[in-house]
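Annotated features in TrEMBL:
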BINDING   H26, H28, E169, D298  divalent metal cation 1 binding site
BINDING   E169, H201, H230  divalent metal cation 2 binding site
Amino acid sequence: MTELSGKVQTVLGLLDPDQLGRTMTHEHLTMTFECCYVPPPPENGQTDKNPFQLCHGHWLRQNPYSCLENLFLCQETEAVRDELLAYRKAGGGSVVENTTTGIDRDMSTLRRLAKETGVNIVAGAGYYVDCTHSDDMRKMSVEKLTDVIVGEVLYGADGTDVRCGVIGEIGTGWPITDSERKVLRAAAHAQAQLGCPVIIHPGRNVAAPAEVVRILQEAGGDICKTVMSHLDRTIFNHAELLDFAEMGSYLEYDLFGIETLNYVFNMDVDMPSDSQRINTLAFLVKEGYEDKIVIAHDIHTKDRLCKYGGHGYSHILRNIVPKMLKRGISQMQVDKILIDNPKRWLTFK
Ligand SMILES: CCC(=O)NCCS(=O)(=O)O
């Protein structure tokens, strides 16, 4: 037992879990995604100087990672502040901010946004995918990495006294690299010490989520307190989804609002539409997994902000929830997905 037991840790301090309210479990409020820039397709190159004009909106939404300017969400703090105020008005209470080391986590900005908007913000500890790992960090042992992660939760991250309340998103690719494996083991060790929530970014392969769970389990992680992100673009077949669900993690559908034809990070993937995501949630609910589902938008590029004609952080509350209700998910089940499941996950043991 520590002083964290039974509490949620936000960037403004400890919180009674009942205060969380509706919670998006996977968002970014400030980050850079330069590491994942993909040069524009030659046959479809966007050439105009201002990619954010309305006439380029469709191009940008189909090619979000091929416009460098689009990858600096960190430049939009004022717009994000306004959108968090709108999120509160729409009935939102909390956001888990998944930016970890490698994609420019900014703890001071998170604290400011929480103060200025009244939205509870839970920040993430640990490291993103291999291509963002520094030389210094690659030299660290699992024990040293564990100490860093534990320190980010107990004392504060990046030289500040602002503390993380969740480990992740811990980044992994496919195949999982040696450095990513080390970080996964460190995350599991830190979770075993702290009794805290963990969230994983799996590689873009159907086998990736289960492989991550096995690594965490072997290292003493608590899978019941772990969220597997991005299932929207990772597991498509219902039988395979149920096999994975049986492993016991939370199942996260967190790309709501992304409706793109060509998914450049894996062209074999047909990115589902929001309607298809909702159908999958209804399927999981029917199969008895209503206590395991969490959802979000994973906003990580500028084009998804309302300022640039995007859906913003309130899309789920405004548009997705009404459609979930129409597709046979009850209000009680919606409340589990938006309130009870995030609360259980985020509360320290
Ligand atoms: C940092 C944001 C992030 O990793 N988002 C996931 C994008 S995707 O892998 O699902 O395309």
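Glycine is no exception: its Cβ is also placed from the backbone N, Cα and C atoms.
Checking the binding-site residues H26, H201, H230 against ligand 1, the ones with a C-beta less than 6 Å from an atom of that molecule are H201, H230.
Around the Cβ of D298 (divalent metal cation 1 binding site), 24 further Cβ atoms fall within 10 Å across all displayed protein chains. Counting only the Cα atoms, the space from D298 (divalent metal cation 1 binding site) to H230 (divalent metal cation 2 binding site) is about 9 angstrom. Counting only same-chain residues at least 6 apart in sequence, those with a Cβ under 8 Å from the Cβ of H201 (divalent metal cation 2 binding site) are N98, Y128, V129, G168, E169, I170, G171, T172, S229, H230. Around the Cβ of H230 (divalent metal cation 2 binding site), the number of neighbouring Cβ atoms within 10 Å comes to 21.
The number of other Cβ atoms within 10 Å of the Cβ belonging to H28 (divalent metal cation 1 binding site), over all protein chains shown, comes to 27. Of the chain residues outside the divalent metal cation 1 site list H26, H28, E169, D298, E27, V96, E97, N98, T99, I199, H201, S229, D254, A296, I299, H300 have their Cβ within 8 Å of the site's Cβ mean position. H28 (divalent metal cation 1 binding site) carries neither a helix nor a strand DSSP state and counts as coil.
Within the same chain, the residues at least 6 positions away from H26 (divalent metal cation 1 binding site) whose Cβ sits under 8 Å from its Cβ are V96, N98, E169, I199, V227, S229, E252, D254, V294, A296, H297, D298, listed in sequence order.
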